[in-house]
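Annotation source TrEMBL lists domain 'C-type lectin' at 3-75.
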């Protein structure tokens, strides 16, 4: 599904964050990074009843970061 120049795939497969990111990487992609409130609203509208991983993670005592290495800015 496309939105503002990005492509999204909402998987129903269950797994942890690391396995989900690895699967995306094997397809030449990554877990979703969210750049705006509009993008967040789009994702929430289309995600259905399942929960999905996004590309945000934090190492212990470190700030939250997206998979591309940028720090989370709390939108």
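Glycine is no exception: its Cβ is also placed from the backbone N, Cα and C atoms.
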*Go ahead and report the DSSP secondary structure tallies for the domain 'C-type lectin' (3-75): helix first, then strand, then coil.*
20 helix, 8 strand, 45 coil
*For the domain 'C-type lectin' (3-75), would you mind checking the mean pLDDT of the predicted model?*
90
